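Worksheet: one structure, shown below.
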Amino acid sequence: MQTTSQLHPTYYFSSRSSIRSNGRMKLRDDGHAYAPVIEEDINTNHAPSSEPETFFSKWSPPKYLWRGLSVLVLAGQVIIRTLKGKVHWRNTLQQLERVGPKSVGVCLLTSAFVGMAFTIQFVREFTRLGLNRSVGGVLALAFSRELSPVVTSIVVAGRIGSAFAAELGTMQVSEQTDTLRVLGSNPVDYLVTPRVIASSLALPFLTLMCFTVGMASSALLADSVYGISINIILDSAQRALRSWDIISAMIKSQVFGMIISIVSCAWGVTTMGGAKGVGESTTSAVVISLVGIFMADFALSYCFFQGAGDSLKNCV
C-alpha cells in the first residue's frame, strides 16, 4: 500500500528558479512537481519620453568652432576688464620682462640673418641694373613695412605663445584655475590680461630694435662683400623712409602681439585631456597664431598702403 506522501506529489516552491511559467505545474528530474515563482516582466524602456529628441539635442559643436568663439569671448573680457582697471599690475610687469628683455636676443639674431639673406638677393639683382643707390631704400621699406613686424611676431609666437598655452593648459587640467575662482580671484584678471598687455607693449619695441639690427647687418654685408658703401645704404634708406612706415610697423606689431597672447591663452584655458591635451593645445596655439599673424598682416597692409607708391623715386 502506498503512503500518503507517495499518493500525493510533494510541491516545492523555489524562488531560485529562473524559468518563466504561465501558472502550470512542472516536473523535476526526480518526478516531483513544483510551481516556479512567476517573474513579472517590467520594462521601463517603453515609457513615453517627456521631451522629444531633436537633432540639436545630440549635436555638439566642433572643437575648432567653440575654441574660435572662446577667442572672441576672451578678447571681449580682456577689453572690458582693462577698461575697468581690474589689472594685476605685478603679474603684468613680470610678463613684460619675460616677453621683452628675455626675447631680445633671439629676435635680434633672427632679424640680422634675415636682413643679410635679403641683402644678398637685392644687391645681386640691383647691381646688374645699375641701381646700387636704391638697395638701401628697398631694404628699409621691406624691413619697416613687412619683415621686422612679421619676423619678430613669428619668433615671439614660437617662444612666448607656446609658453602661454602650455602654462594655462597645465593649470586648467590640474584645476588650478578653479582654485583661483574659489579664492575669489578672476582668472582673466590674474592670468590672461597681464599677458595680453605685456605682449602688446613689448612687441613694438622689439620690432623697432629688429629693424635697426636688420638694417645694420645689411649695410655691413653690402659694404664688406659687395663694395657698396654704408653711407650709400643709409642715405638711400633715409630718403625712402617716411614716418608712417615706422608707425605702421608699430601698429602691426601691437596687433600681432594681441593675436599671439589671446589665441595662446584661449587655447590654454580650453585644454582638456591631461598631458596629451596640453601638448596638442600648445602646438595648435602656435599654428593658429601664425595663421592669424599672416591674415592680419595682409589686412593691415591692404588698409595702410593703397594706390601707387612713390617712396623710391628719391633713391634712383
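Cβ atoms here come from the backbone N, Cα and C positions, even for glycine.
The feature transmembrane segment is assigned by TrEMBL to 64-83 (among others).
Note on the transmembrane segment (104-123): residues 132, 135, 138-139, 142-143, 147-148, 151-152, 155-156, 159, 206, 209-211, 213-218, 221-222, 226, 228 of its chain, located 6 or more positions outside it, place their CB under 8 angstroms from a CB of the stretch. Positions annotated as transmembrane segment by TrEMBL: 104-123 (among others).
Among the features that TrEMBL reports, transmembrane segment is placed at 201-234 (among others).
TrEMBL lists 255-273 (among others) with the feature transmembrane segment.
The annotation transmembrane segment is assigned in TrEMBL to 285-305 (among others). Cβ atoms under 8 Å from those of the transmembrane segment (285-305) belong to residues 145-146, 149-150, 153-154, 157-158, 161-162, 164-165, 244, 248, 251-252, 255-256, 259-260, 263-264, 267-268 of the same chain, restricted to positions at least 6 beyond its ends.
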